[in-house]
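Undergrad: What Swiss-Prot lists as compositional bias 'Polar residues' is 9-20, 673-688, 695-708. The compositional bias 'Basic and acidic residues' annotation in Swiss-Prot covers 41-51, 850-870. Per Swiss-Prot, compositional bias 'Acidic residues' is recorded for 77-99, 129-142, 203-214. The annotation region 'Disordered' is assigned in Swiss-Prot to 1-244, 673-708, 847-870. Per Swiss-Prot, the feature zinc finger maps to 421-444, 450-473, 486-508, 713-736, 753-776, 794-815, 826-849; the stated evidence is sequence analysis.
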Amino acid sequence: MVTADETVLATTTNTTSMSVEPTDPRSAGESSSDSEPDTIEQLKAEQREVMADAANGSEVNGNQENGKEEAASADVEVIEIDDTEESTDPSPDGSDENGDAASTSVPIEEEARKKDEGASEVTVASSEIEQDDDGDVMEITEEPNGKSEDTANGTVTEEVLDEEEPEPSVNGTTEIATEKEPEDSSMPVEQNGKGVKRPVECIELDDDDDDEIQEISTPAPAKKAKIDDVKATSVPEEDNNEQAQKRLLDKLEEYVKEQKDQPSSKSRKVLDTLLGAINAQVQKEPLSVRKLILDKVLVLPNTISFPPSQVCDLLIEHDPEMPLTKVINRMFGEERPKLSDSEKRERAQLKQHNPVPNMTKLLVDIGQDLVQEATYCDIVHAKNLPEVPKNLETYKQVAAQLKPVWETLKRKNEPYKLKMHRCDVCGFQTESKLVMSTHKENLHFTGSKFQCTMCKETDTSEQRMKDHYFETHLVIAKSEEKESKYPCAICEEDFNFKGVREQHYKQCKKDYIRIRNIMMPKQDDHLYINRWLWERPQLDPSILQQQQQAALQQAQQKKQQQLLHQQQAAQAAAAAQLLRKQQLQQQQQQQQARLREQQQAAQFRQVAQLLQQQSAQAQRAQQNQGNVNHNTLIAAMQASLRRGGQQGNSLAVSQLLQKQMAALKSQQGAQQLQAAVNSMRSQNSQKTPTHRSSKLVTTPSHATVGSSSAPTFVCEICDASVQEKEKYLQHLQTTHKQMVGKVLQDMSQGAPLACSRCRDRFWTYEGLERHLVMSHGLVTADLLLKAQKKEDGGRCKTCGKNYAFNMLQHLVADHQVKLCSAEIMYSCDVCAFKCSSYQTLEAHLTSNHPKGDKKTSTPAKKDDCITLDD
């Protein structure tokens, strides 16, 4: 039987040698007092009792991962005791045949209890190093309080004797629970539940007694088989979580590399790739991956973000657990928060004019809050006011009401305001400390000396001041930059002369545009990573159908507009062709009238010559003969008139001829006959109707003279018909406010303004402007200015519609008239003065050539006209 001072127990799974090592060194008296035979007998008795207790109380748990538990009893085969060697250190030979390293146990000591109880706890520690052929190690430590510790594979198992279940292991390894052996009568009794602390003694015996011990302690074969099962289950426990993690990460890396190299996986998500790798690993090692997931070691992310760079923006791949629509429905139910009309308009404007409306709205709100804070601060503190308030009491009330609002805004805007840093030398202010530190590195010249920006040191030498910066402040000072004279607006290069800068700017601008075009990112560059991460979503069929219908409607509207424009163009072309035909007919009629006049003049000249010849012959015949046959003369004159084709004037001509014949009969002289011929010529010229009445449409300023009616004048501004020249002058003065101060005598010399294109003459400047636009498509500078002021009104000559303004726009849009600008040069008829404004010419005539001026000057030609420079 073992004494009460020794409670060292060692168990092994196979036949091994056991070395007992002391935890506390023995004294010399104890080692000399014990005898060898007594010690052997005590150990034998102790071994028999331990074997009986261990067979009933030892339990071995199975593999926790497979969910099976097995009970095994400890078996002791061989105990070898060596009493010739005592040592507190573990055996140096700690390796078996397989080379597995042995482990050393740590003695467990409990601290002393409370002093008022007056008892100390007995600490029993056992340290045992066991090695078998397979390298399994098991250490058991017993304590007086009924708990046993198993340190096999680094785990500790405790069992409480008061009907409590054993606690499970942390990492799921094998658990062994042993019951406390019955105390010997020679052991001290616990006092008040506390054990008495006593020293522990370990005894080592020689190897000579191994045979006797082996004969005594022969184990049962059944128990040996159960211990072998415990050994088999302890081998897979070495594959812990760390190794499983390493294997899983290695497999994930290999799988991702394989998927990355395949061209068909370019559009696959990163999260999908990771899930595929994990599924592949689950098929190979389901238990290890399951344990990693249960222990929350393997956690899949919901978001994978790529940081922004100079190539691409910030990209985030997100697989949310709950979509945003569900969150909104959970917060607000089926009814979403309704926006007011002003909020809807503001949101629509932001979406229309800004590519990122939400961020723009955030920045706008921050800016508005800052502006409101500054404004309310001025009102509350009565500073920077535009004017002095009239009623101070009302102003104080308003300021008192705005003060809490200002304080709220001030607290709200605190994150957006930074402290201003000021340079003591030059007064430069900035919110950035980095900018201020860079600014202070520059030398400051105050006009007469250099001033240090970090202290009060001054010096007149720039080099000494730089040395001061370096020696005192450890800063390499930089010279102050010179003020730019002629900098380039693009590259900020400075030039001494402006001309050199302009030449450089032209080339720099070309290079800048070319570089910008090269550096401009393309759509493929922006969407490269997006295409790799996820595919482009397919369009909804209904949305696609709506888009197609909208495209068809737009195409139809475009075709209709083109047809309408073509019809309008055809109508305008037909109207222009008709107008050209009318103009050609008028020109032909004018040419025919001129030919008739020329023929009449030739006929009258022939008649006059014939009359002169006949009169000369009559005189000679009168002198030679008394009577002359005058009938031949009358017949010749009538025949000549018939050849001319003038039937309307034959009566007047015949009357004149009869008078001439009567004069001839009365034997008047040749002078009277010549006078009659001249009078006939003048009367024919007066009574011959003018064919210029056909110019009524093109030259409205000319009067139409009928044979029995008064002359009619067509207004050159509004196309109104007016009888008599005096009424026409009154119409221009009252209706159009033109020719103010003019009298009827001023209109006797004809219209003063003439067109250089068609030689038509006009009374007013507005009539000339209207004629140039309608007939020739020329726009003067004054008319263009009127169009910009919405004052270009009037009557259209083409369609006859009246417009209060936008006449030029009507001509371009409706009649497809091509307008071009024209510069009118006005010249004075009296002197060589020329100008580009009609008002300037009027002022010149009024000041330099008044009506009462009798000075003779170069008369103005009848065909003087205004020159147009297109």
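Every residue gets a Cβ built from N, Cα and C, even glycine.
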Undergrad: When the pLDDT values for the zinc finger (486-508) are averaged, what is the result?
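TA: So the average pLDDT across the zinc finger (486-508) works out to 90.
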Undergrad: Can you name the far-off residues of the same chain, 6+ from the ends of the zinc finger (421-444), with a Cβ under 8 Å from a Cβ of it?
TA: 450-454, 462, 465-466, 469, 475-481
Undergrad: Near the zinc finger (450-473), which residues from the same chain, at least 6 beyond its ends, have a CB less than 8 A from one of its CBs?
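TA: For the zinc finger (450-473), the far contacts come to 423-425, 439-444, 479.
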Undergrad: What is the number of residues in the zinc finger (421-444) that are helix, strand and coil, as DSSP sees it?
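TA: Counts, helix then strand then coil: 8 helix, 6 strand, 10 coil.
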Undergrad: Please work out the helix, strand and coil residue numbers for the zinc finger (450-473) from the DSSP assignment.
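TA: Result for the zinc finger (450-473), in helix, strand, coil order: 12 helix, 4 strand, 8 coil.
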